[in-house]
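Here's what TrEMBL has on this protein:
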BINDING   GLY115, SER116, ASP257, HIS323, THR324  pyridoxal 5'-phosphate binding site
BINDING   TYR150, LYS286, GLY322, ARG422  substrate binding site
MOD_RES   LYS286  N6-(pyridoxal phosphate)lysine
Amino acid sequence: MTRPSIATLREWDRSHYWHSFTPMADYEPLIIERGEGCTLYDIRGNAYLDAASSMWCAALGHNHPRLNAAISAQLGRLAHCTSLGMGAEVTVRLAKRLADLAPGELSHVFFSSDGSSAVEVAMKQALQYWCQSDTPQPERVKYLSFGQAYHGDTIGATAVGGIGRFNDLYAPLLCEVVRVEPPDSRQVGSEPSDAQRCVDAALQRVERVLEEQASQIVAVIIEPLVQMAAGMLMHPPGFLRGVRRLCDKYNVLLIADEIAVGLGRTGRLFACDHEGVTPDFLCLGKHLTAGYLPLAATITTPRIFQAFLNRTPAEDRTFWHGHTYSGNALASAAALATLEEFEAHVLAALPAKIEQIAQRLSALADHPLVTHIRQRGMIGAFSLGASASVGTDGSTGKTENADQAPGRRLARYALEQGVWLRAKPDLIYVTPPLTISADQIDRLFDVIAAGLEFASAG
Ligand SMILES: Cc1ncc(COP(=O)(O)O)c(C=O)c1O
């Protein structure tokens, strides 16, 4: 088959491909033909270091031999079978593996195809749990979420999100959510006790809500440690543990949305591991198949699962929810191979990379444009310029004349130099594949450093 010309592909892209989270009036086609390791190649043959891991999912880079082999082998056996009343052998093995790895008692895995659906599943299971618990509590219909949370784009997940640009228009469709401001590492001063004070104040805000409303609240939903879409907002240590403690005290369920921060991104397999926390629901996606195939998981405890079992033939406690591709066999094979690769090579190599990123970030501290350098594992970020005030929505581009904002200028410069950064007006972040090499980390930060000069010259 002859490939259409570059000009034709660009024209088709503009005319027919409606891209996610993209202002289409300004869309400038960037058409990727192939990937190799941490590098993407466009149809012109230009190479780009994938510094955002294709939006936080390509944990092992691209065209990874172990993943390719696992998917090919599975393809020769079974691509897909339904999860309604049956399931693929490879998916059974994946469920067992996830149950073994997940913190604490988390042991029952419900599969879906994307992170939003995994959140939706947790929200619905939690609500149904209260309706079916020994003392039914159908009056629990609200959720508690944090500030500018992002949990996905289906209607339930949108409701618990807090980024106005993504939510406001759909308000009539959304369930009731109580929003509490999270602690923000950018607000922490230099005194050693400041972080604790910041965490304590946020926990008090949570407790005030729970004191009054716990009996109406289904669950607290949290992005553990880092609210990535909120502009790489990082919680100081202790917040997650404190939230778990309050959920226990007020008998509210805890949903940990680790779709972005889970499976190695923070330096450990699960973000909850940093604080010894077991949530009632753990949502995974993105890294689960290293971005190869759509798969997400909602993992819960025996206590929740038991409430869904019919005790008499007349009862109907079933979770009437599912997706055509739930537990897809090819995706399950990709996930098992990803977990094997994490354990064999990836996790052990992370500390050195995290340290290198820390050093390269701190070397930027003196630049006049740079403020609020922050890092959690393989997530490194800093704010840019005067507009980098706390509370700025780093994910939505609300800055005046955003196109000329320093972050956008820096990202354009980086693209010319062969580094793909997701452009934000007042935020630069790196979330590279976990397999990034030391040389690639250096190149990434060399380009960012030069990009800062470019952005300040404008
Ligand atoms: C924390 C978090 N939750 C949920 C989602 C939604 O996942 P998906 O885009 O796979 O639906 C995302 C996506 O970025 C996310 O970052």
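Each residue's number is its place along the chain shown, starting with 1.
The backbone N, Cα and C atoms fix where each Cβ goes, and this holds for glycine too.
Annotated features taken from TrEMBL, shown on the structure.
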| residue | record | DSSP (3 states) |
| --- | --- | --- |
| GLY115 | pyridoxal 5'-phosphate binding site | helix |
| TYR150 | substrate binding site | coil |
| ASP257 | pyridoxal 5'-phosphate binding site | strand |
| LYS286 | substrate binding site | helix |
| GLY322 | substrate binding site | coil |
| ARG422 | substrate binding site | coil |
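If you take the Cα of GLY115 (pyridoxal 5'-phosphate binding site) and the Cα of LYS286 (substrate binding site), they are about 7 angstrom apart, rounded to a whole number. Cα separation, SER116 (pyridoxal 5'-phosphate binding site) to TYR150 (substrate binding site), rounded: 10 Å. Taking a C-beta cut-off of under 8 angstroms and a sequence separation of 6 or more, GLY322 (substrate binding site) has the following same-chain neighbours: SER83, LEU84. Nearest by CA distance to ASP257 (pyridoxal 5'-phosphate binding site), out of the binding-site residues TYR150, LYS286, ARG422, is TYR150. All chains included, 30 other C-beta atoms sit within 10 angstroms of the C-beta of GLY115 (pyridoxal 5'-phosphate binding site). Rounded to a whole number, the C-alpha distance linking LYS286 (substrate binding site) with HIS323 (pyridoxal 5'-phosphate binding site) is 17 angstrom. On the backbone, the CA of TYR150 (substrate binding site) and the CA of THR324 (pyridoxal 5'-phosphate binding site) stand 25 Å apart. Binding of pyridoxal 5'-phosphate is attributed in the record to GLY115, SER116, ASP257, HIS323, THR324, and the widest Cα separation among these residues amounts to 22 Å. Checked against ligand 1, the binding-site residues GLY115, GLY322, HIS323 give GLY115 in sequence order as having a Cβ less than 6 Å away from one of its atoms.
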